[in-house]
Amino acid sequence: MQIRRAGAKGYEEVDGVNIPSAPNQISNGHGDTSSINSHTPEFELASVSVVPDDTFTVAQAVNALGFGWFQVKLSLFVGLCWMSDSMEMTILSVLGPELHCNWGISRYQQALVTTVVFLGMMLSSTFWGSLSDRYGRKPALTLCGILLFLYGLLSAVAPSLGWLLLLRGLVGFAIGCVPQSVTLYAEFLPTKQRGKCVVLLDCFWALGACFEVVLAMAVVPNMGWRWLLGLSAAPLFVFACLTPWLPESARFHVSSGENDKALATLEAIAKDNRRPMLLGRLVVEGTSTTRGSIKALLSSSLRRTTLLLWFIWMSCAFCYYGLVLMSTEIFGNGHKTLVPGVDDCHALATTDYMDLLWTTLAEFPGIFATIYIIERCGRKRTMAFQFLLYAGCVLLITITNERVLLTLILFLGRAVIAGLFQAAYVYTPEVYPTNLRSVGVGGCSSLARLGAMCTPYVAQVLFQVSVGQAVAVYSAFALCASIACIFLPYETRGNDLTQ
């Protein structure tokens, strides 16, 4: 395989690539080279044993072209999508209490407002995964951005609880595609930078969550929750407008037999990163006729990995959103506003929003700590340790009523579970082959939504009855998930994405 630098006649050596050491030498396949007279018009090919080295894979190309401006641009595109998803999720911690006070809905109805979003996400995750594996990541994300903006905006003018539930369910259906942005992102990252960059992507999630809390603090007391829903849809409109500039996955093109399009994408990476483009023929490794098949996820070679990952993702979402919703319940209990016909109405005050903001900011140190640990201890050990640490944090909630101490405990717990969620996003695309990667991530995301659907009834309903019982449920799930991480059959640290 050879590397060409623009404007140069010879070839240049790049790490990890087999290249002739001079333009007049050719390898015999055993490490020796034979000199060829450049002035002789012909020579006897039969006298030289030649093993051609003129092919390369997308993984080799991505590693050779390195991390540069192309990946920086893609980080901003995908980060905006991730930020929008975070804002729609953070709304749920504010919307339920507001509807409870303004519309007089019960605690179970309040939990249903949260559950219906995750129900839509669960029902759509495998759909978006199959769509992405069959037609590409870019078309799926484009449709996702348009639908999210439309349904988010319509939710702001919902005339009744029934209409609001329907529209928020459709919002959840569209959000189910967002994990495919991580799949697209991971497929353009060199092996050495992949884990670090995917975890850093969580910075956009944390930024979106913080922005939503600040927006709610400014908008809800003065203009109401409807304006909050409408203004929160603005980033979705920006993302929908930017999707035409999203690149399609080169791995998807190769696995679809569209090598010309894949080469064009790789050439764009080389141009943006100012690196020489590889010469030779682009090939695919481990081709398969099964694409986007949920059944293939449960094949003999993947069954154990898939079932364990489903439980890990379900527990991760159950624990993450449980802590988010419990934070609102804990901080809101100190401020009760009497509303005619509504019992136990908790209106969030400015101090409550500030405490929510502090606990949300915890995701940033959680991200950087995960980046440090995940590349040194591996994906499996990192996730197992973080689940154990989370279990310890939620148990500490029962030992004190001191607001400052509770804020510190929630800060640590939020940091741990946020980093854990991103560690799962790093591991899952790495463990599945290209032809099953999107549907694999989509299946895990679907099971995660099942956990998120159940968590409002623990964090918002059971928590009001017994704090100890609610905390015990989250600790038990975290401990079981930690054991599941240990039993995962593959450690993917330092591995290329399988073709």
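Using N, Cα and C of the backbone, Cβ positions are placed for all residues, glycine too.
Annotation comment: TrEMBL describes 74-493 as domain 'Major facilitator superfamily (MFS) profile'. Taken from TrEMBL, the feature transmembrane segment covers 108-128, 140-159, 198-219, 225-246, 307-326, 356-374, 405-427, 471-490.
Within the chain, the transmembrane segment (108-128) has long-range Cβ neighbours (under 8 A, six or more residues past its boundaries) at 88-89, 92, 95-97, 99-100, 140, 144, 161, 164-165, 168-177, 179-180, 294, 317, 321, 325, 438-439, 442-443, 445-447, 449-450, 452-454, 456-457, 460-461.
Distant neighbours of the transmembrane segment (198-219): 75, 78-80, 82-87, 89-91, 94, 182, 185-186, 189, 227-228, 231-232, 235, 348, 350, 353-354, 356-357, 360-361, 363-364, 367, 370-371, 374, 418-419, 421-423, 425-426, 429; these residues of the same chain sit at least 6 beyond its ends, with a Cβ under 8 Å from one of its Cβ atoms. Against the transmembrane segment (356-374), the recorded stretches 225-246, 307-326, 405-427, 471-490 differ in Cβ pairs under 8 Å, and the greatest number is found for 405-427. Using a Cβ-Cβ cut-off under 8 Å and counting only residues 6 or more beyond its ends in the same chain, the transmembrane segment (405-427) has close neighbours at 179, 182, 186, 194-195, 198-199, 201-202, 205-206, 309, 312-313, 316-317, 319-320, 323-324, 326-327, 330, 355, 358-363, 365-367, 369-370, 374, 379-380, 382-383, 386-387, 389-390, 393-394, 396-397, 444, 488, 492.
Averaged across the domain 'Major facilitator superfamily (MFS) profile' (74-493), pLDDT in this predicted model comes to 84.
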